[in-house]
Amino acid sequence: RCHTMEERANLMNMMKLSIKILIQSALSLGRTLDSDFPPLQQFFVVLEHCLKHGLKVKKTFIGQNKSFFGPLELVEKLCPEASDIATSVKNLPELKTAVGRGRAWLYLALMQKKLADYLKVLLDHKHLLSEFYEPDALMMEEEGAVIVGLLVGLNVIDANLCLKGEDLDSQVGVIDFSLYLKETQDTDGKQDGGITAVLDQKHYVEELNRHLSCTVADLQNKIDCLEKTNSKLQEELAAATDRIGSLQEEQQQLKQQNELIRERSEKSVEVTKEDTKVELDTYKQSRQGLDEMYSDVWKQLKEEKKIRLELEKELELQIGMKTEMEIAMKLLEKDTHEKQDTLVALRQQLEEVKAINLQMFHKSQNAECSLQQKTEAISSFEGKTNEMMSSMKQMEERLQQAEKARQAAEERCNKMKQELAGRLDSCRQQMAQLDSKCSTLEKELKSEKEQRQTLQKELHQEKDATTLLKTELQQMEGLKKELRKLQDEKQQLKKVREEQEQALQEMGLHLSQSKLKMEDIKEVNKALKGHTWLKDDEATHCKQCKKEFSISRRKHHCRNCGDIFCNTCSSNELALPSYPKPVRVCDNCHTLLLQQCSSNSS
């Protein structure tokens, strides 16, 4: 510790002398100072020694590094004004070492007349300087603040220093002690204490020079070691090139294997495509048959609708005849005693009506026979649909077999992909090792850049080969998508088949509805009442709840009033005088009839 205190005191005295000599000489000359000015050079040497005092040694892969440029870089973070200095120092291409960058930084700070300000900012943040300096270093003690105060006096000096022409990396800071001796002799010859201090400083500087010569010898030894390592790295590069050649041969073999696999997969896909085409043709033919059958059924339905309209017209005629008969019966009841001759005519008319009823009965029997024939045709259609279902099942079995073949081909492709992936991983690992070696060679050896570029070209070629393999895999995925499209078409065909089945079911429902309507017509024929019977086409909404009729909400006639209602509004049943069994009646008629029954009973 005493030794470090003496070093700090010596450096402090030398700094005072150098600043004093520099200011006096600059004021005596009265001009801007150049980089060749000896007092200025000595000032920078002493300042460099002060900044190097107590620096921590940092270990790197090259060796131990001890540079004062690290703490100076902190100024850029603490003081944004120093960013211009840092960028200009980094942009200088001649500077290759941290020492040269630190010297250039000091030159630029002195020219800006802000050297004292920047160092004061560093001293204000000693917790950051502790990463670079020992606790007993000059910059960490009070002497650092004294030096900063002395540097404020340099703001009087104007300096114009050129950095481009000088070799700042190889300069060796040696203190010229004669300047300090001349200064002491000119000031006062009686100050013996100052001379003894200067002599002590001279011995200290000589020791520093010896230490610098030792460091130069160590650096030469390190350079020799680096040359040996360079030769070893060149040998390793030759071995790496040989390995790359072997990898290229393996890659060609892999390409050939991939081509064989692709040809096999293409053949299997073509076979599956042909099978699916044949199956699609058969399905289209069956679909055409179903369409023809469907058109025939629709024609039959149209014919039935025509017959139904004719029956409705006949019913209208019968209703008109019934109304006329009722009027005639009333007239006959009034004039029974006066007009007996008219009874004979009425009887004849009644016989004619009976004959008409018999004709209607025969016509209804004929309609029932035609309905039986239509039911037989529907049953035959159902048999044909069953046959179509069996053919569809056969088609599904064939599709399942094709899917199994496709799955087997996919498993083969997956196995080949795994093998290729393993080989590509091994190749990538080897290439990663080569990249790491090349990166170290780029940092240490600039002469081997051309060989590294050749290696990079070869790597790009291998990457292109891997992209080709990826494109082939994408083609396989496209084939899989085509298979999926075929499966989607199959599902769409199934949907069409289900829709046709639903249409057949709806046709059956229409036939059942026509049967029910025929029964309703029979019941109407039996009932002879004064209420008007509404047509199905005239009513679109329920008379009571006013809801629109649809497939789910069917039309129902009330057997009492003849109006059309929905199922909920005509769910009641009562025995009417014209009907032997209970029949459907609307809610209003149901309440009225119940009231009439209760009044009659009372």
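Each Cβ is built from the backbone N, Cα and C atoms, and glycine gets one as well.
Residues annotated as coiled coil in TrEMBL: 209-267 (among others).
Under the heading coiled coil, TrEMBL lists 385-506 (among others). If you take every residue in the coiled coil (385-506) and average the pLDDT, you get 78.
Per TrEMBL, domain 'RUN' is recorded for 34-166. Across the domain 'RUN' (34-166), DSSP helix (H, G, I), strand (E, B) and coil residues number 80 helix, 7 strand, 46 coil.
Here TrEMBL flags 536-594 as domain 'FYVE-type'.
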Number of helical, extended and coil residues in the domain 'FYVE-type' (536-594), per DSSP: 11 helix, 14 strand, 34 coil
